[in-house]
Amino acid sequence: IPGRRAPARGDCGSREDWSLLLWTSLAVVVPVIITLWCSAQRSKRKTHMRDFFRKSKHGWSYTDLFNKPTYCCVCSQHILQGAFCDCCGVCADEQCLRRADRGLACKEIMCGTQPRLCDLRCVWCQTTVHDDCMGSLADPQLCDLGEFHSLIIPPHYLYRVNKLRRRHPDEYSKLASSCGSGWTPVLVLANTRSGNNMGEALLGEFRTLLNPVQVFDLSELNPSKALQLCTLLPPGSVRVLVCGGDGTVGWVLDAIDTMKLKGQDQFIPRVTILPLGTGNDLSNTLGWGAGYAGEIPVEQVLRNVLDAEVVKMDRWKVQVASKGVYFRKPKVLSMNNYFSVGPDALMALNFHAHREKTPSFFSSRIINKAVYFLYGTKDCLVQECKDLDKRIELELDGERVALPSLEGIIVSNIGYWGGGCRLWEGMGDEPCPLDDGLLEVVGVFGSFHCAQIQVKLANPVRLGQAHTVRLVLKSSKMPMQVDGEPWAQGPCTITITHKTQAFMLYHSTEQTDDDDDDSLEIPEQAKRTTSKT
């Protein structure tokens, strides 16, 4: 057309580029905005639910279709998003949550109301009944607390204790008579971070079977505070079930020692173990197995606690005095299982360092043991602890011991070591009792020798027995560990002396691990150390 100017080709291309850029930006930004908005709404809803959970009398925990498929107790529909109470078992959809909280009562832990049948299941004795069968019950309002009545702290006991004007052990014993003969209440202390991370699920199961007030999460409350409940119960009657690894057991036993320092010796409980850790050597020694993975129901665990015998176990003080540091107090640790310096401590130190960096990766007992194996294989090649006999001096009860060419020394109080290995198998005699005040000292030639001991192809080098063990590290840094807690130590003097004795519970029947032949090393010594309570 004459007089009309055609658009430049460059302008068209530029407009198309801007249009493409705009649509590309929208395609990227809009999903991001939607995702952020959804995340904010989800976070807001979870914050609101947490506040609601905190104010409620129920022990609500979040659930959904994939986490714990179940039905709502209010509308009887399948729960897509909602919560369940790990104390009384009530489940509710998110829309019905407030109605369930108001209309369905939870366990009352220390008020005057008596246990009763709720929704055809008693939240205390676990008795279930049909609607048509309600009439056949002699007294629907009467509850005997069921099979585990001798382990449960009844709500009426705490109510009466709260009303006492004079808090005295004799008064607690009088109140205990209303709970029946043979009443031995159990406190459950669970470490949700141990081993295979089963602690949280176990907390819910124990709260269902017992009084929630006697079940404690050690990630929220330390053992010293949890054990103060023992001072409100009859002296010598309490049993403590520790759900965790050997480190958790040591933590609880240290708290019990603190009770002794406060003059609360008469309230000292008896300690038993549900092994959730990686090593679990103390649990193995006391007959509770190499590790719990849900293979037996929690009800059977409580039955085993009822049948267990009381044994005494020596506890030891490990004092580490660094050379060249004169104004600093020596490091003092408590030992229940063993102290070691050398390749096994190096494996534990490497494992501990990597678990601190990525704790989510170490959530399985199998993965943990595989990582230990990898570090042991590495040390077989590198041999970081060689010539230990030239770097360290060993004294047993004040007498110097000549060392062969070793890479590691183990000072043991129990029969098991290294995650289930029996040190004394094939050595011709049994280990000493747990309460004889003696330590066994052995040596290893390296990581490969440790592996041979694990698979029963070799024995450790026996160095002697002693009431007091002294080691002097003359030069360089060496890895050390006490009950699986490792560190790197420079030149120092280590002195191991007797500290005290703890009352433990020994399970004398067949163990719960998969190895039927892996029977307990100390049946006779347990009989010798059993005390009547």
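Every residue gets a Cβ built from N, Cα and C, even glycine.
Residues or ranges marked as transmembrane segment by TrEMBL: 20-40. Residues or ranges marked as domain 'Phorbol-ester/DAG-type' in TrEMBL: 57-106. Here TrEMBL flags 181-322 as domain 'DAGKc'. Marked as region 'Disordered' by TrEMBL: 510-533. Residues or ranges marked as compositional bias 'Acidic residues' in TrEMBL: 511-521.
If one looks beyond the transmembrane segment (20-40) by at least 6 residues along the same chain, no residue has a Cβ coming under 8 Å of a Cβ in the stretch.
Confidence for the domain 'DAGKc' (181-322), expressed as mean pLDDT, is 88. Residues in the domain 'DAGKc' (181-322) partition by DSSP class (helix H, G, I; strand E, B; coil) as 58 helix, 34 strand, 50 coil.
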